[in-house]
Amino acid sequence: MWWSLKEVSPLILLIAYLISCQDTVTAHSEVTGLPSQRRTSRDVNTPAPVNCQLSQWSEWTGCFPCQEKKYRYRTLLQPAKFKGSKCTGHLWDEAACRATETCAASQRCGRDFQCETGRCIKSHLVCNGEPDCRDGSDENNCEDEDIESLCENLQPIPGSERAAQGYNVLTQEEMQFVYDPKYYGGQCEYIYNGEWRELKYDSACERLYYGDDEKYFRKPYNFHVYQFLAHADSGFSVEFYDDSRDLIDSIKKDKSTNYGFTFGIGYAKIPLHFELGFSLSQGKGSLKNFTQYNEKNVGFIRAITKVQTARFKMRRDNIVLDEDVLQSLMALPESYNYGMYAKFINDYGTHFMTSGTMGGIFEYILVINKEEMKRKAITSERISSCFGLSGGLIYQKEKIDISMSLSYKTCEKEEFLKTDRETNSALVEDIIPRIQGGDVGSSGGLLNSWNANMYRLWGRSLKYNPAIIDFELQPIHEILRRSNLDDIETKRQNLKRALDDYLTEFNACRCGPCQNNAEPMLLGDACVCQCPQGYEGPACEKTRRKGSKTNGSWSCWSSWTPCQSGTRRRTRQCNNPAPQNGGTGCAGKSVQTETC
């Protein structure tokens, strides 16, 4: 059929208008979390998308007179699954209000001095020459007198603020302070730094000098033990993973096979100018970022080392809480309100640290195009060795002969990151850093320049800018039992109850069932099934393989039964999914009991 120009133009405009209307409807659906208006064909084995769903808002709380605020909350009824629509908005809300009651700060300190934040301090700490209240109210109206102390000009021990933070085990993130990292309680306890006599160079004055200001560091009250360690690395471990599921599983378990790399903080006997000419990905190496490779034919080489600089242990009893967490705690109601207690957990963490090791972790993950790797007949060991040479890492395992024959020139010729003209693909598609510890200059330098000199600068900066690399945790409600607060047991029990509800609400057991041994992950309000190699689809249901075994996975725990005879119980089932085709059952118990 033929169309004249006059007839075609209106037709094109009509089609363009209809398309724009459809796009508008779809965009609006994505913003509001409603189902898309478009219909697409779905495989018979593909589960239907499940959209995210939030509960209705709770009733507003009463107006808290000291804060002049009221609160409400809603819960995550259903996370999005199998590429369903995500939710929008927040789970917690607050609004200004006018209270009918006056704010009467409770005088709970007795004969002790009470800071404006509600903290109680002993009378001998008043006018002792340093503030024990954050606002300095304990040092107001004091007579002028010179109180000399060795600790007056000492810096706090490195990493003290990191150890004082809460920790969220679901997101693996450090939260706000729970311990007060700057409270000393009138004590002058200091730690000797055995490396203070190392010569340093002052470029402005062109002279060498000893770092006298780094001879001692002051230990805050909440630290029981702090010990500097000589730089000791764990050895550089490296492993190849066939798919992102195996990689994520390894990261979560933090296990890898040691192939014998050593990490040199000192002077390495290699050319400092040697590098392969690449930079690290600017994105953070979070678990969420690895899901983008779920349906790509890529493998991963993960290399990691830990460098220890100090060991610490926190005080067990009479812990002094940070004044912000103290005020938040005092604002919690005596009656159980999940929303307010869950917001407290979301701010300060599910757990707190009791001991650990400080230092740094250098980890990088190479994203490998497996088709290019096969076409060029290059092994993962060869790639690992070349990248190790670039950074000054020495491959020591003698059983891997390929490393012995490698040289800087042969590695440079490989051009791992260069796009091949025939396939339009690179062997190494990306390099993802996961660097913890070190000052901003050295860790930032590692993102832009991959060479041995930057490694050494980073390693040397760890002592005074460490991260927490290994630690032991306790549930957040336990810090109330160990604190110096009185009449806090009711809130501690409420916080314990809220923690159970919080961990259930944001637990990956609410996802799935993922098929074919895929790993379920809850990322915010959306579930993702991380597929093994050879599987794809929203539930990893698509594959050409037949008769593959599926191992069982647990459902979420049920609610606790009422307390009877001093005990209560809860159960779970091995049906998320159930074992199929001879797969193994779930490890662990299906029933849990505890005293009440």
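Using the three backbone atoms N, Cα and C, a Cβ is placed for every residue, glycine included.
All annotation found in TrEMBL is predicted automatically rather than curated by experts.
Owing to the predicted nature of the structure, the values given are computational and were not obtained by experimental measurement.
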Can you look up which of Cys97, Cys127, Cys133 is joined to Cys115 by a disulfide in TrEMBL?
Cys133
What residue among Cys120, Cys127 is stated in TrEMBL to be the disulfide partner of Cys142?
Cys127
Looking at 22-44, 275-297, 551-573, 574-596, which stretch does TrEMBL describe as region 'Disordered'?
574-596
Residues from the same chain, set at least six apart from the ends of the region 'Disordered' (574-596), whose C-beta lies under 8 A from its own:
509, 512-515, 517, 547-555, 557, 563, 566-568
If we count other C-beta atoms within 10 Å, could you say which of the disulfide-bonded residues Cys115, Cys127, Cys133, Cys142 has the fewest?
Cys142
PLDDT averaged over the residues of the domain 'MACPF' (147-510):
76
Rounded to a whole angstrom, what is the C-alpha distance between Cys127 (disulfide bond) and Cys115 (disulfide bond)?
13
